[in-house]
Amino acid sequence: MAVPVQFLCRGIRTVGLVLLYYVFSIGITFYNKWLMKGFHYPLFMTLVHLTINFCLSALTRRAMQCWMGKPRIVLSWTDYVYKVAPTAFATALDIGLSNWSFLFITISLYTMTKSSAVLFILFFSLVFKLEEPNPFLILVVLLISSGLFMFTFKSTQFNLEGFVMVLLASFIGGIRWTLTQVLMQKAELGLQNPIDAMYHLQPLMFLGLFPLFLYNEGLSLSTSEKLFRVTELSPLLYSLFTLSIGGLLAFGLGFSEFLLVSRTSSLTLSISGIFKEVCTLLLATSLMGDRMNAVNWLGFAVCLSGISLHVGLKTYYSKNKGPSLRHLNTKSPELELPLLRQNGDKGDDSAADEDEEQEITLH
């Protein structure tokens with residue numbers, strides 16, 4: 001009886017962690033769209049979120065240091081500038097453009113277009129030799145590309161400017177997650193823990209996005225009655241409160257993903273991401289009034305089949321210890337992280353635990 005109880009407890013834990021991930025991931029998507037209806041400064045909003053993330057990650061590092069009694073990693077300026085900066089700038093542009101696009105497009109179009117990030121992650125993974133060429137990858141690319149074309153071809157709420165922004169964000173996201181995996185797998189840097197990675201990335205992300213904010217929103221925001229030219233205190237407090245909610249959601253998303261991956265597996269996160277897309281579109285059509293016809297839904301199904309095939313290929317090659325595919329998360333609106341092991345001697349145990357968790361998730 002002990003074994004069934006143990007599996008039941010693991011199953012309940014997995015479901016709980018997936019639901020927690022859904023709350024933050026879906027929540028921040030709808031929050032961004034809701035906020036952009038009355039607050040047309042997405043880059044400033046992103047800078048506020050980055051500041052909150054940095055403060056929370058610093059507090060979390062301090063708590064972890066007190067709890068474990070060991071100092072956290074602090075990179076030298078040379079490593080920080082030359083090795084962390086490219087990842088930080090790519091991440092800042094990805095998140096900034098994604099938030100910016102909510103001024104123009106619906107949640108359904110954003111969700112569908114953002115799924116194309118898988119294509120760019122595959123491309124840059126091949127360029128950086130994180131994955132080996134495989135004939136099945138051609139089918140993955142064709143399915144996702146054709147699904148995206150079908151979704152946008154007959155869309156009644158299509159906006160070219162917003163679509164280009166999300167597509168560009170997806171392209172930069174391919175660079176971002178490839179560089180993130182390379183960064184976090186460098187043992188000498190010691191950034192395997194996502195909290196440490198977030199702590200080091202946020203300041204450079206802020207600096208990378210700040211010039212674009214000044215150019216596009218600086219003058220307009222400085223003369224806006226939303227913040228700097230308020231005549232009453234209550235609107236200012238309301239704006240600060242709503243902006244702070246987004247920062248908490250962004251940090252909660254990164255932290256929930258870390259918990260889900262560390263307590264289950266990267267496969268669980270990838271599969272959960274697929275169903276999350278379905279939930280997001282269903283909620284967008286029912287709550288936000290997004291309109292989707294039969295061709296749109298068919299295109300979305302084709303795109304998800306390509307993503308599912310990619311996840312299945314990763315699982316197959318992982319179980320057979322093949323070199324063709326390595327762990328690299330492909331689903332990510334804001335902070336997705338690969339399953340990284342800090343100690344090599346725990347590899348076999350981790351793989352066994354991962355297989356067990358995969359059975360729970362899939363069945």
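Using N, Cα and C of the backbone, Cβ positions are placed for all residues, glycine too.
The annotation transmembrane segment is assigned in TrEMBL to 12-32 (among others).
The domain 'Sugar phosphate transporter' annotation in TrEMBL covers 15-309. Across the domain 'Sugar phosphate transporter' (15-309), the model assigns an average pLDDT of 83.
If you look at the transmembrane segment (38-59), the same-chain residues 6 or more away from its ends with a CB under 8 A from one of its CBs are 32, 92, 95-96, 99-100, 102-103, 195, 198-199, 202-203, 205-206, 209-210, 212-213, 216-217, 220-221, 224, 226, 239, 242-244, 246-248, 250-251, 254. The annotation transmembrane segment is assigned in TrEMBL to 38-59 (among others).
Long-range contacts of the transmembrane segment (103-128) within its own chain (CB-CB distance under 8 A, at least 6 residues past either end) are made by residues 29-30, 33, 36, 40, 42, 137, 140-141, 144-145, 147-148, 151-152, 155, 157-159, 161-163, 165-167, 169-171, 173-175, 177-178, 182, 277, 280-281, 283-285, 288, 290, 292, 296, 299-300, 303-304, 306-307, 310, 326, 328, 330-333. The annotation transmembrane segment is assigned in TrEMBL to 103-128 (among others).
The feature transmembrane segment is assigned by TrEMBL to 135-153 (among others).
For the transmembrane segment (159-179), the residues of the chain that approach it from at least six positions outside its boundaries are 86-87, 90-91, 93-95, 97-98, 100-105, 109-110, 113-114, 116-117, 119-125, 127-128, 130, 152, 328-330, 332, 336, judged by C-beta separation under 8 angstroms. Annotated transmembrane segment per TrEMBL: 159-179 (among others), in sequence order.
If one looks beyond the transmembrane segment (199-216) by at least 6 residues along the same chain, the residues whose Cβ comes under 8 Å of a Cβ in the stretch are 43-44, 46-47, 50-51, 53-54, 57-58, 61, 72, 75, 80, 84-85, 87-89, 91-93, 95-96, 191. Here TrEMBL flags 199-216 (among others) as transmembrane segment.
Within the chain carrying the transmembrane segment (236-255), a Cβ under 8 angstroms from the stretch's Cβ atoms is held by residues 21, 23-25, 27-28, 31-32, 35, 39, 45, 48-49, 51-53, 56-57, 60, 194-195, 198, 226-227, 230, 333-335, 337, all 6 or more beyond its ends. The transmembrane segment annotation in TrEMBL covers 236-255 (among others).
Under the heading transmembrane segment, TrEMBL lists 294-313 (among others).
Residues annotated as region 'Disordered' in TrEMBL: 339-363.
Taken from TrEMBL, the feature compositional bias 'Acidic residues' covers 350-363.
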